Amino acid sequence: MRTIAILAAILLFALLAQAKSLQETADDAATQEQPGEDDQDLAVSFEENGLSTLRASGSQARRTCRCRFGRCFRRESYSGSCNINGRIFSLCCR
């Protein structure tokens, strides 16, 4: 009877240790990829002369580009990729 109690205690201790390591892994994964952070990593604005040859007035178009994890939003177009701290993101411009 004492042996069964000791084996049960060892089994419970092993399950508890495994549950803690799984929780730590889940917490690490949750802190690495928070929704909403993806579009805040990098924002780039620049002037582009591409439309000035088509317009007589010579006005310049302004584009705003962001590095996003995953796909671009509806009104954005994919314009390349970004490498930030070894992670690859989509360069999305509008």
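Here, residue 1 is simply the first one shown, and the rest follow in order.
Any Cβ shown, glycine's included, is placed from N, Cα and C.
Summarising the annotation, Swiss-Prot assigns signal peptide to 1-19 and lists sequence analysis as the type of evidence.
What Swiss-Prot records for Cys65-Cys93 (among others) is disulfide bond, and it gives similarity to another entry as the kind of evidence. According to DSSP, Cys65 (disulfide bond) sits within a strand segment.
All protein chains shown were included, and the count of other CB atoms within 10 Å of the CB of Cys67 (disulfide bond) stands at 22. Under the heading disulfide bond, Swiss-Prot lists Cys67-Cys82 (among others), citing similarity to another entry as support.
According to Swiss-Prot, the disulfide bond annotation covers Cys72-Cys92 (among others). According to its DSSP assignment, Cys72 (disulfide bond) is coil. Counting only same-chain residues six or more apart in sequence, the Cβ atoms lying under 8 angstroms from the Cβ of Cys72 (disulfide bond) belong to Tyr78, Ser90, Cys92.
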All-chain count of other Cβ atoms within 10 Å of Cys82 (disulfide bond): 19
DSSP three-state assignment for Cys82 (disulfide bond): strand
